[in-house]
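One structure is given below, encoded as structure tokens.
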């Protein structure tokens, strides 16, 4: 009967520890390498005409809603609309700025926030749950609109009821879309929307 090779337990443990150490170091290097910038500058050159048009469009887009909300006490304004205006006038060609995404993203997020508030109140984890659920809903329905996350947040944080979904959210988002349709199509270099559904 042949003798079994003698395995040095200490050396085997040391080899295992060394392999684990090498794997951890390699994984950490790969992880932090992802955070380095590429050598190319990924920011496009500034086109001053676009900057001016986006600024004017944003002013004209949020202005009427703010005016009606503040001076006539009609609730059409929520903070996340400021971010929507940035998308509608500075990146109107992007999927997240299309009417389906703007309206659907805000409405689904408001629904997520209101339901979460009704079920769980406005504790910190309820806010977190509402935002996560809103993002999930937007991704599943292909209506991702990042400002929608803030809409869900506001619904829980301020303790909104179901009427919040319709006024200010649905009506306000519809007004923003209509204003973007008018302004962006007056500019010869822009076409809005890229798609409806």
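Using the three backbone atoms N, Cα and C, a Cβ is placed for every residue, glycine included.
Remember, TrEMBL labels are computer predictions, not curated facts.
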Transmembrane segment range according to TrEMBL, out of 49-69, 70-90:
70-90
Intrachain neighbours beyond the transmembrane segment (124-144), with Cβ under 8 angstroms and 6 or more residues off its ends:
95-96, 100-101, 103-105, 108-109, 111-113, 116-117, 151-153, 155-157
Near the transmembrane segment (164-187), which residues from the same chain, at least 6 beyond its ends, have a CB less than 8 A from one of its CBs?
53, 56-57, 60-62, 64-65, 69, 75-78, 81, 84-85, 88-89, 92, 97, 99, 102-103, 106-107, 110-111, 113-114, 151, 155, 193
